[in-house]
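Asks: The active site, proton acceptor feature in TrEMBL is assigned to Asp904. Taken from TrEMBL, the feature ATP binding site covers Leu783, Gly784, Lys785, Gly786, Asn787, Phe788, Gly789, Ser790, Val791, Lys810. Residues or ranges marked as domain 'FERM' in TrEMBL: 25-367. Residues or ranges marked as domain 'Protein kinase' in TrEMBL: 438-741, 777-1040. The feature region 'Disordered' is assigned by TrEMBL to 1017-1040.
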Amino acid sequence: MPPVKEEETPLISNRSSNLSFSKTDGLQVYLYHQLNAAQSASDSAGTLNFPLGEYTAEELCIAAAKACGILPVCHSLFALAREDLSGWYAPSHVFTMDEFFSQVLLYRIRFFFPNWFGSQKSFRCGLASDQVSPVLDYPTIDYLFAQVTGRRYPLSMENQETCLGLAVLDMLAQLPTQLLQPFLEHLLRSAHAQLPLSSFRCSYKLCLPEQMRLQLQAQNFVTRKRIRRQFGQSLHKVSSLQTEVRFLKLKYLMELKGLLGATTEETFQAWVPAQAATGSAWTIHVSSEKGILTSHSGGTHLFCDFPEIADITIKKPVRDGQPAKSRLVSVTKTDSRVLEMEFGSLADALSFVSLVDGYFRLTVDAQHYFCREVAPKRLLEDLENQCHGPITSEFAQNRLKASQNEGVAHVLRRSPEDFDSYLLTICIKVGAPLDFKSLLIQKGSDGTFSTAGVAKKFCSLREMLGVCQRFSLQADGAAIQLGPQRPPQPKGRPHRSHPWGSCPLPSCHGVPQSGSRLLSSPQPFLEAASMLGQLSHKHLVLLHGVCVGEESVMVQEYVRCGALDSYLRRNQASGKVTATWKLHVARQLAYALNFLEDKAMVHGNVSAKKVLLAREGDAASGCLPFIKLSDPGVSAAVLPKDLLIDRIPWVAPECLEDPKNLAPESDKWGFGATLWEIFNGGIMPLRLMEPERKLKFYQDRQQLPALKWAELANLVAPCLDFDPRRRPAFRSILRDLNEIITSDYELLSDLPTSNTPGGYLDVSLWQDPTLFEERHLKYISVLGKGNFGSVELCRYDPLGDSTGELVAVKRLQQSTSEHRADFEREIAILRSLHHDFVVAYRGVCCNRGRNSLRLVMEYLPNGCLRNYLQKNRERLDLRKLLLYAWQVCKGMDYLGSQRYIHRDLATRNILVENENHVKIGDFGLAKILPQDKEYYVVREPGQSPIFWYAPESLSDNVFSQESDVWSFGVVLYELFTYGSKSCSPSEEFLRMLGHSKPPMIVCQLLELLKQSQRLPSPPNCPAEVSPQAEGNGSVLVPEV
């Protein structure tokens, strides 16, 4: 139904617009221009009437687009407005129509790009930078022309052409009178009309705004006559030109913009949340040229352009304990700056968000939406089906060319010409020359899908594609088996990304006021530092500077609370770490990674240990936690494969196949694993698995168990998709996190640890508890050093609160293959021993890549027995010495029962737990006896404790349990001499030998022993305790 009152275009600033309709029950959509309107009845050509039912705004727009000849590619420029143009409806808005329902809507172009003509900057992207296409097609230009002229009466196409010269006066409302006639003559010289002025159905005055019509009527008769005569002469002058109607319309629209400097912005009134009740309103401007601007008290400030938006949320404010009718809208930039404004109603908030959301899809990413409240239903269907929008066949074929090595790939896309059709574009031939076919899929009125050659109708696209992939398709007589589907990718996603850091950056965040990185290679170090220096984000660790010299140092800010995984394990049971707390931490991490993605940067090593907690937060006061993402360390692009395997499950699978695959999609995998880790209390079961098991986990395409909460599980699952192209963009991840946070997320609570998938997993089911992480071993002091290794006192502190267990850590001084093999044998022996009088094995510690091995043992605080005897001689009586002898004898008896020979039994290798308990340690020289022999012959004895060796060991390198008994006799001597250095076994034997020097010392010592020369009996040693005792451990135990 045509409007009763004349409308003035919203392209012209400071002019009101109003349309009114005759009272009609039901739902009507007014159209400014309808296809083939000349053949329609004049009273109904501009309206669509809808029967009872429910309709989304998007469905009504599609019906209007079909009536107006608008193609799907331009459909996204349109929206539904209220009758008085006071607001717009989001595509997801639902109109429920019943017998009492009555509403009139306007189908209008909402999204304007003023530079869509000429050599300006607005255009539709092509496959190459020099291949562009117009923003608007001709049906859309026809509609735009009708919309801005705002006719209040129906006109045929011929009359519209001849009335163009009069309609131009509508654009001159803001010009002073003295400029009217010169511009009118200039414009009409380029216009075209074929009919004389007298043949028009209406006066040209009726085409003018009311204000200007009254102004002309106020002029005297002579002036009005002169204007009419000059206007008619101009029309006659150009009547001989052969110009198409569409060119006249283009000229009209171009002159409209050029004359009035028309803006395309929409404005909204909103308030600062804290001042909503008392403060004055702010004005928010949204335009395609500049993005979002704010103005208050005269000043206008740019907040951001559309590509800078990270996410948008809509929340319901609460005042005095009751929900308010207004809505809080938060727009967050990629740098985490936030614009938070309060709109008077939900309708106003949705109108604003749908505008920004629409411009973002048109200019940045056609597959993204910020809020589900404004998301078009068709877009949600496309994302579910991994369907492209109405792209052309050239775009589809270009996507397939990039995947020709993956088999018969295909692209599902909406038809660019029909709203109810899809096209399945298939790459038939692999290799040159490529051949492409398109299969038409039609959606029926009942919602089913069908295609030619298949009798069955399908309920969904996914079902149809599943059938097509299970069976072959026929094309030109050849059978085609569909390969992988090429899902749509975010617009502008870079083909090449920059890995962040390509040099070793060992962790060192415990330095007060700053953290330092020590590096040996200056060139990659400077490259990494330069890259870090270019990044500034509040959720990224700040680089203070670099120092280059003998040691290159990178100085970073100090983050007080340390690594997130340690904090989670430390505080999981304290009540501090709630689901709300974790969600905010995850969102802050997503902000940092979204920032890197927009900068075409790849972190490459996202995990909870790389997330540093700067502020713990306080739920009671509403203070949120605050995190910073640390540097990645050594880039995955340069790491050897064994080190990459150590990063499973945080490293993306494609990076294991080829480190050059490092891309933004790799960070999405890392984020998914980190999010799982956060909600599993900082525990990652795969972390300490053996490399073979880790690799098999990826090779078998296994997945981490689903988290308990379905929303989180649905967020983690696509991030951990083995196909990188199916992983969501970080903007989508932020949107999904916001949906959880702004819902009733406070109802979520952390569940107790359980062995069932979905709760916190029992780590013992997945990993060896005797594997220690190198980063949690905090060095304290050196306990002892030898020729081949050293023993250090460390605290294993996985919680980072200095409450971890003290352990003794043995490491090799030399890293040759022989020494490592011997060390691994020592570890294997100690691992198999379990006895009260044998030092307990705790585990092993490997660095990344497992090329450095350390043995972790229990720490006995009183050190070795020799030193203990020297320090405590005064209070150690005979009974204590006999107790120690008995405990050592029991331990050696146990070793013998396990067929082990120690070969290095001495008080220096016996450790004291307390005054009443000693244990045998240091199994570096230990051997296991063969099953068929009771002795062991050492082929390469190396450096040996010869003064504790039995004669057969000195002469023939033969070792047995009896040779250990000999060594035990020497230990008895040490016990009863209290470990005195002046009368130690070595000093006594050297005195007997006359202080001979190597290499003859072994031969001379052996000769001395053959002469029955023995160590003297210590003073106060009971006659029953004889250092020359013989036998085995089982005989000596009862004697002792």
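Keep in mind that glycine also has a Cβ here, set from the backbone N, Cα and C atoms.
Keep in mind the model is a prediction, meaning the values are calculated, not measured.
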Asks: Can you count the other CB atoms that lie within 10 A of the CB of Asp904 (active site, proton acceptor)?
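Replies: So the Cβ neighbour count for Asp904 (active site, proton acceptor) comes to 20.
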Asks: How many Å lie between the Cα of Leu783 (ATP binding site) and the Cα of Asp904 (active site, proton acceptor)?
Replies: 18
Asks: Give me the Cα-Cα distance between Gly789 (ATP binding site) and Asp904 (active site, proton acceptor), rounded to a whole Å.
Replies: 15
Asks: According to DSSP, folded down to helix, strand and coil, what is Val791 (ATP binding site)?
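Replies: Strand, per DSSP.
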Asks: Give me the mean pLDDT over the domain 'FERM' (25-367), rounded to a whole number.
Replies: 73
Asks: Round to a whole number and give the Cα-to-Cα distance in Å for the pair Asp904 (active site, proton acceptor) and Val791 (ATP binding site).
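Replies: Between the alpha carbons of Asp904 (active site, proton acceptor) and Val791 (ATP binding site) there are 17 Å.
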Asks: Counting across all protein chains shown, how many other Cβ atoms sit within 10 Å of the Cβ of Val791 (ATP binding site)?
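Replies: Result for Val791 (ATP binding site): 19 neighbouring Cβ atoms inside 10 Å.
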Asks: So if I draw a 10 Å sphere around the Cβ of Lys785 (ATP binding site), how many other Cβ atoms end up inside it?
Replies: 11
Asks: According to DSSP, which of helix, strand or coil covers Lys785 (ATP binding site)?
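Replies: Where Lys785 (ATP binding site) sits, the three-state DSSP reduction gives strand.
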